[in-house]
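Colleague: I am attaching a structure below and will ask some questions about it afterwards.
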Amino acid sequence: MSTSSSTARTYRITALAGDGIGPEIMRVGRAVLDAVARQMGFALQWQEGLIGGAAYDQTGDPLPAETLKMAQESDAVYLAAVGDFKYDALPPEKRPERALLGLRAGLGLFANLRPVKVFPQLVGASSLKPEVIAGIDLVVVRELTGGIYFGQPKGIFTDAQGSRRGVNTMVYSEAEVDRIARVAFELARKRRRKLCSVDKANVLEVSQLWRERVNAIAAEYPEVELSHLYIDNAAMQLVRWPKQFDVILTGNLFGDILSDEAAMLTGSIGMLPSASLGSSGPGLYEPVHGSAPDIAGQDKANPIAQVLSGALMLRYSLDQPQAADRIEQAVEAVLAQGYRTPDLYSEGMTLVGCQEMGEKLVAALSQQQAQ
């Protein structure tokens with residue numbers, strides 16, 4: 001995980017608004033980040049790039065070379081959302097979502113962090129009981145570049161008798177496991193010092209190697225309490241009693257599933273940020289939710305996940321943890337005041353649009369400074 005020196009007071013950020021609600025939530029995210037930067041005495045130098053469907057429409061490529069170069073030369077990459085139903089008929093390599101794979105590969109990102117925190121004001125938004133939900137504060141650390149999505153051989157093959165079979169291969173090297181394990185242990189060391197590694201070591205040899213290497217890396221972090229769960233039990237425990245978890249470490253496929261399951265604990269995917277990190281270079285920060293083309297341009301989107309992704313950027317790439325804290329406190333303050341976008345609205349709350357939610361967040365930052 002890379003961090004810039006805190007003495008470098010101007011940070012170059014690549015902003016990728018993308019598709020659907022992306023431009024709306026990006027405007028809010030940037031406004032909040034600029035506000036906290038002014039308060040804390042540093043500056044953000046924004047550069048805008050094309051990605052996804054917006055890039056395809058203008059260039060014929062969902063990830064233009066100039067966008068990737070811009071991202072590689074920045075201190076961090078701030079992404080909103082890509083994708084739209086109208087691109088579904090395109091060949092796979094031209095679809096907006098393919099840009100994310102290219103961006104991750106081009107930036108050397110292998111660790112995806114999904115924080116899941118339930119704000120006290122939103123306990124009632126979850127479909128689970130309040131006593132199960134209240135106080136959840138966990139992070140899923142998912143390996144991004146290995147496992148069954150990338151292993152070879154892969155494909156659909158036809159044998160001599162004309163019978164077809166589909167093949168995918170789950171592969172992890174020791175080096176791949178070691179580097180993602182270190183990211184998770186470092187994170188756990190700065191949190192509540194509990195790490196749960198999730199695998200399927202009772203059946204899969206690849207998981208047996210995974211567990212062996214995680215145990216080996218654990219020796220470097222004696223202060224972190226390590227436990228292991230099989231993926232099926234982990235999925236069950238995440239719903240049964242999620243507060244038992246601090247940091248969850250797992251591979252690409254299992255992480256894909258568990259992170260979405262964990263996302264729904266909160267009751268709104270519109271609240272959840274994510275970070276994707278590499279060994280060096282800029283990190284990528286984006287909300288967990290998609291581009292929601294059905295509500296694009298209607299001022300209905302919830303910008304909080306975008307805003308909280310900005311807080312992660314401040315924390316992990318720009319070495320500005322106090323600024324990140326301020327943003328998170330502003331979100332909590334606005335929720336405590338009863339303001340809700342349509343996805344979170346309930347009787348007795350005050351309904352606001354995307355833009356007004358952004359204005360309330362900036363106002364909350366100003367109130368913090370005044371105090």
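The chain as shown is numbered from 1 upward.
Glycine is treated like the rest: Cβ placed from N, Cα and C.
What you see is a predicted model, and the numbers here were worked out from it, not measured in a lab.
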Colleague: To which of Arg95, Arg114, Arg213 does Swiss-Prot also attribute binding of substrate at the site defined by Arg104, Arg142, Asp232?
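Modeller: Same substrate site in Swiss-Prot: Arg114.
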Colleague: Inside 8 A of the center formed by the CB atoms of Asp232, Asp256, Asp260, which other residues of the chain have their CB, for the recorded Mg(2+) site?
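Modeller: Going along the sequence, the neighbours appear as Ile231, Ala235, Leu253, Phe254, Gly255, Ile257, Leu258, Ser259, Glu261.
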Colleague: Listed recorded positions are Tyr149, Lys200, Gly290, Asp294, Lys300; which of them have CA atoms within 10 A of the CA of Asp232 (substrate binding site)?
Modeller: Lys200
Colleague: Going by Cα-Cα distance, which of the binding-site residues (Arg104, Arg114, Ala296, Lys300) sits nearest to Tyr149 (site 'Important for catalysis')?
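Modeller: So, spelling it out, the nearest of the binding-site residues is Arg104.
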Colleague: DSSP three-state call for Asp260 (Mg(2+) binding site): helix, strand or coil?
Modeller: helix
Colleague: Which is it, of Arg104, Lys200: the one of these recorded positions whose Cβ has the most other Cβ atoms within 10 Å?
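Modeller: Its Cβ has the most other Cβ atoms within 10 Å: Lys200.
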Colleague: Count, for each of the binding-site residues Ala292, Ala296, the other C-beta atoms lying within 10 angstroms of its own C-beta, and report the residue with the smallest count.
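Modeller: Ranked by other Cβ atoms within 10 Å, the binding-site residues Ala292, Ala296 bottom out at Ala296.
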Colleague: Which chain-mates of Gln298 (NAD(+) binding site) that are at least 6 residues away have a CB under 8 A from its CB, listed by sequence?
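Modeller: Expected: none.
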